[in-house]
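J.: Below are the structure tokens for one structure; questions will follow.
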Amino acid sequence: MSLIPKPISKVSTFTFILLILLSFTIIIAYSSPDSNVESNEPGFDSDLDQLLAVDEQLQEDRPEQQSEAETVSKAQRIVLELNGDYTKRVIDGNEFVMVLGYAPWCARSAELMPRFAEAATALKEIGSSVLMAKIDGDRYSKIASELEIKGFPTLLLFVNGTSLTYNGGSSAEDIVIWVQKKTGAPIITLNTVDEAPRFLDKYHTFVLGLFEKFEGSEHNEFVKAAKSDDEIQFIETRDSDVAKLLFPDLKSNNVFIGLVKPEAERYTVYDGSYKMEKILEFLGSNKFPLFTKLTETNTVWVYSSPVKLQVMLFSKADDFQKLAQPLEDIARKFKSKLMFIYVDITNENLAMPFLILFGIEAGNKTVVAAFDNNLNSKYLLESDPSPNSIEEFCSGLAHGTVSRYYRSEPVPDNENASIVTVVGKTFDGLVLNSRENVLLEVHTPWCVNCEALSKQIEKLAKHFKGFENLVFARIDASANEHTKLQVDDKYPIILLYKSGEKEKPLKLSTKLSAKDIAVFINEELLKPKNGSAKDEL
């Protein structure tokens, strides 16, 4: 499991928010203990085998009496506990070793461990040769460091001693599929009808391939796609009856590929060419539900969607259910162009990082918004959400007719103002599209030095009063935004937008005195057109 978020880039608002969300899912640093107790356990292999043998005998003797706790206990004993030099011996002595690095104090580790144990049980049952192990990286920090475990929880697959970082989902099924793909078993073959129900009990999302023979170009491309995809289980069969059990919508006995998902849009037929790239493209566009519920553990998966224009509905669960059916119809209509995501608005850890971008405080009112991760833009449905208004909003997004949303204060009255107040909604008109040169002061309420600079700007505005081609303006960056107002967090900031060159504003040093700024304005704007300079304050 990848633990360290990629560096945050200013070019993508949605990327930034998803990485914020990852902070709720992942702990990226761990503490080192005062002592590092490490010991060998040379008899652990035989002890483990004996424990598993006892478990299997008990299950045979009283299968109906096994409690859930006993089942979990058995699963956890399948996972080898590593420590000290024993770790290196295990990794070097086995072709495939999956290691979970955890810490006892880490809540996410505690959540993942039973799923990891469940995956270990499933892999053992299907005859996988991978050895599943775990190590307390807090206690055995030296070994954890040597394994390059840099945070908790971390999942690493060692193939002949070389590690691969796990980058899949957090469910047991996700882990099993990923491990199978990486250890040489990307496809499950079903030969008889009797095998199908057992398969359906274990797998809820899968790709079905029906072939006359497991050879030829079409099958080869299917296999290549199975090896390239790390998320979805691929299944192959030569028996059309098996295929129809798995995919009841199957109408033909010819070569066939289809995707099965556990949701409203359960069966999706692939009708493209039999090329690996096209099959993977089909999966990328169709693997998500019509409406994906965002959780702390699936943010990376959501971000992997090739559909980067994403509609997000924030509401309470009951309110979402009331809209569920019409929303599914809308999502189906715009499936190839928009991705639809539901966020429980009562989960502040998930909802608030998004809502704060729109200046929306915590509440229970349904909000519909959208992010375009390619254009770094966001949109907001400002009317009351209803099936009709949501569909109209989505249609506008798909056709590019919805205006971008900028967080903005109300438009102020600037009549007779010596310094124009700019807000998000007026940035285009007053700054970018105006014919005048604009000296813009960017400030925030918490800025220590902003008040002193504001007084200098007011003095300059009075000094240059009467110069029609020069406008003094200011904007509160904490309450207003615009995609072309790209500034750092060091306020105050002075920007000069020269007429005809608005795309490349000049940034002035805030250490300049009022006289220095006056000289700069005169040299940049006034002297070329007017021989009379006005720099004496």
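First residue shown is number 1, and so on along the chain.
Here the Cβ of each residue, glycine as well, is placed from N, Cα and C on the backbone.
Sharing the record's features from Swiss-Prot:
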- CYS106: active site, nucleophile (ACT_SITE)
- CYS447: active site, nucleophile (ACT_SITE)
- CYS450: active site, nucleophile (ACT_SITE)
- CYS447-CYS450: disulfide bond (DISULFID)
- 58-184: domain 'Thioredoxin 1' (DOMAIN)
- 380-526: domain 'Thioredoxin 2' (DOMAIN)
- 534-537: motif 'Prevents secretion from ER' (MOTIF)
- 1-29: signal peptide (SIGNAL)
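If you look at the structure here, what lies around each of the features I listed?
T.: Summarising the environment of CYS106 (active site, nucleophile), the number of other Cβ atoms within 10 Å of its Cβ, over all protein chains shown, is 20.
Proximity of CYS447 (active site, nucleophile) to non-local residues of its own chain (separation of 6 or more, Cβ distance below 8 Å) is seen for TYR491, PRO492, given in sequence order.
Around CYS450 (active site, nucleophile), the same-chain residues at least 6 positions away in sequence with a Cβ under 8 Å from its Cβ are HIS443, THR444, TYR491, PRO492. Classification of CYS450 (active site, nucleophile) by DSSP places it within a helix.
This prediction places the mean pLDDT of the domain 'Thioredoxin 1' (58-184) at 86.
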